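K.L.:
Mind having a look at this structure? Questions to follow.
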């Protein structure tokens, strides 16, 4: 069924109700198949390309005449005009649903066949795909209610498609993309864009199934007899599942979807008259519109024929003029041939004269060719050498990249070690401060204990002096008593009394001596206690000296760590300079060659000692690769730089390679 430019079926007004879409005619007024066949024979002779469409018209007329006759009989049985109109509209809607379903089957079949022949990848210019969208649009428009507003009547199938966004969250991306397209101004264009995107997602059948499963929501947009509300809608959804095997590549930018005309092209489906004998239902209005279109095309062809005859006449006149010009050109060519003959004679003589010179030139050129061949062989050898150097250069570039990555890792590790050393230095500084404060306190206690010991020693000296005085006094008394006994033998009584006095004095002195001894013992105990305390203080002093020694060791360790830190910072600076130089070298090497192949290049982890002096590597004694042999040396054994063929600038080489390369250069130079 063909549509007009406004997207509505032929014979239907844009704002008409579904029951008023076709005019009910008497069956006697409808031409039969034989009459149509007789009427179309003369035209078929003149217009053979329109035979499939007329065959479809015959089949559609037979089907429609039967359906309209039943509709008239049903209308005659009813008493009122409203009942007949409703019955006719239902019959008409049923016929339209059947026609649309058959057209959808045909369009999907043709689309799948063409896609399989083209490799299942389609674009927007594919004619069967465009016709599929037209048929799909008609299916969605069938039985669509007209919404009235202040602006006017609105009848668009984009409204039901917007429900899919609420029922299926996966379709929200399609709806937002359609709304964000600036070139779409109408709801029809948005609906067409929605169908394009759903087909590209391979979700068109799923989204329409969600709509049909919720018919209570579709009743707001469609009439009860619409295709989406009946069983034909589910059949069409089943047919759409087969399109999931296709890959559609549709570009919406630049497409004028608002003003496209949805007309079904039957020529895509009418391949054979025998295939159409199975019967595809059409409407009388569609056939009449097709006949009118064929008449218009016939008139256009006649006009084109008259224009073609005029053009033939003008071309004959031009042909006559060209014949006259051809005669003139032939005469001129004969004259030019005679002139060229004379010129060729002269050129032949000059050719004979120049041939001798050419022979001499040929011998010279042959000699030059031999020399060029020799040069070419030498150049090929040099090229092979350059290719070998190129591979070495590529390997060196890869190793240089690896070296830079490893050095960056070592930089990070050295920075972490530097921060740890700084934290250790800070802890040692705090420990030294606490040790100095405790040492100061212990020095103060030692001085106080020394003062106490000096006081105790002075008191002990005084007690010893008093004891010595008492002993001297006792000895003097004993001497005096002995002299008195000798001198005064007779004075025993007096002497005894004196002796008793002396005994008393002696006892008192003994008591004093005992008290002095007790005081001395107490002083000795105090002195012993002071000695013990002094010993403890001396041990603490020794501990303090040990702490001082540890402090000095820590200070020495701090100095060594500071030295290591300075060396590491210097090494970091050198490595930074080396990295910058290596990056420049890498850029130069990458410009020379990009492909890399294998070469013996020793890894940093495999070497722990210098290959030449066999000294162990450390932070101060760093590793350096020889760019010639690939082994790892220290700085002293690889301080030489030499220009290699694989490097544009002088690079680091070891001492042995340096001497070897210098000997090789001297031998090649000599």
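Each residue, glycine too, has its Cβ placed from N, Cα and C.
Bear in mind that the values here come from a model prediction, so they are computed numbers and not experimental data.
Just lifted these from TrEMBL, have a look:
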type	residues	note
COILED	284-335	coiled coil
COMPBIAS	450-461	compositional bias 'Polar residues'
COMPBIAS	462-484	compositional bias 'Basic and acidic residues'
DOMAIN	123-255	domain 'RUN'
DOMAIN	604-662	domain 'FYVE-type'
DOMAIN	610-658	domain 'RING-type'
REGION	1-43	region 'Disordered'
REGION	450-484	region 'Disordered'
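Help me picture where these features are in the structure shown.
P.N.:
Long-range neighbours of the compositional bias 'Polar residues' (450-461) within the same chain, counting only residues 6 or more positions beyond its ends whose Cβ lies under 8 Å from a Cβ of the stretch, are 520, 523-524, 526-527, 530-531, 534.
For the compositional bias 'Basic and acidic residues' (462-484), the number of residues in each DSSP class (helix H, G, I; strand E, B; coil) is 23 helix, 0 strand, 0 coil.
Residue counts for the domain 'FYVE-type' (604-662) under DSSP, split into helix (H, G, I), strand (E, B) and coil, are 11 helix, 14 strand, 34 coil.
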K.L.:
Within the compositional bias 'Polar residues' (450-461), count helix residues (DSSP H, G, I), strand residues (E, B) and coil residues, in that order.
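P.N.:
Summed by class, the stretch gives 12 helix, 0 strand, 0 coil.
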